[in-house]
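*Asks:* Sharing a structure here in structure tokens format.
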Amino acid sequence: MGRLTEAAAAGGGASAARSAGPPPAPLPLSSTSPGCAAAMASSEEDGTNGGASEASDEREAVGKRRRLGLLATIWLTFYNIAMTAGWLVLAIAMVRFYMEKGTHKGLYKSIQKTLKFFQTFALLEIVHCLIGIVPTSVLVAGVQVSSRIFMVWLVTHSIKPIQNEESVVLFLVAWTVTEITRYSFYTFSLLDHLPYFIKWARYNFFIILYPVGVAGELLTIYAALPYVKKTGMFSIRLPNKYNVSFDYYYFLLITMASYIPLFPQLYFHMLRQRRKVLHGEVIVEKDD
């Protein structure tokens, strides 16, 4: 038997109500655990809270927004404007650095403080879910946000020899364009004035940005493996008084392997969401 899934409306729907909330997606997204950007993108890039809630039309989105209350809407609007501005600052800083230096080497070091601040600031998205001003599940939000923080703090920040890798530039560019698009989409949706270009960008840019971001993250983690194996960083060896062991090297390998099943599944899910939002298609999904 098939299951009919009605198309989401073009007005932003659940994404607008979720506004300050995560991720997916992505993943993507993005940088998720266990698959870094993969799990994140599932709700961030497709704008559907990982499929948890989809609006059937713009009136439903407006109704949800009213239920948030005036103060919550004001705060979410401010939050999304701030995050849009923050990622715009990062974009400008990256362009200026490359124009002045003519190389990517040293780029991460030059923008790391701003990157860490705004990516860590996204922890508020978990709080938004906890207090109920966005409809995303706390678990989904937690995975999405913590995965990005994992990539920033526990990989790129902690393993300095990899900071000049070209792969770092790949995921930084993908993240930056994605977040500018995502947060501006949420902002305009909350203001009930969503330009078509922003909606179009939201549901088209991921086609390139998601694979680029995932590739950048995978290559960065891969580049970190020799250093992690040599130094044993973040690993816990036996014997110890807690009788517990942990090998960060193998943890990173498992993280990389998790992309194999997650990436295709989530990417095609996002493509289906794109067809629903931009073309109003009714998708028939077969139940096995």
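Using the three backbone atoms N, Cα and C, a Cβ is placed for every residue, glycine included.
Marked as active site by Swiss-Prot: Tyr210, Glu217. Here Swiss-Prot flags 1-59 as region 'Disordered'. Swiss-Prot lists 1-75, 132-141, 181-203, 270-288 with the feature topological domain 'Cytoplasmic'. Here Swiss-Prot flags 96-114, 160-165, 222-251 as topological domain 'Lumenal'. What Swiss-Prot lists as transmembrane segment is 76-95, 115-131, 142-159, 166-180, 204-221, 252-269, and the listing cites sequence analysis.
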*Asks:* Work out how many Å separate Glu217 (active site) and Tyr210 (active site) at their Cα atoms, rounded off.
*Replies:* 11
*Asks:* Which numbers of helix, strand and coil residues does DSSP report for the topological domain 'Lumenal' (160-165)?
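*Replies:* Counting residues per DSSP class in the topological domain 'Lumenal' (160-165), I get 3 helix, 0 strand, 3 coil.
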*Asks:* Out of 166-180, 204-221, 252-269, what stretch is closest in contact terms to the transmembrane segment (76-95), meaning most Cβ pairs under 8 angstroms?
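*Replies:* Ranked by Cβ pairs under 8 Å, first place goes to 166-180.
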*Asks:* Is it possible to get the count of other C-beta atoms within 10 angstroms of the C-beta of Tyr210 (active site)?
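*Replies:* A 10 Å sphere around the Cβ of Tyr210 (active site) contains 29 other Cβ atoms.
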*Asks:* For Tyr210 (active site), which DSSP three-state class applies?
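*Replies:* For Tyr210 (active site) - judged by DSSP and reduced to three states - the answer is helix.
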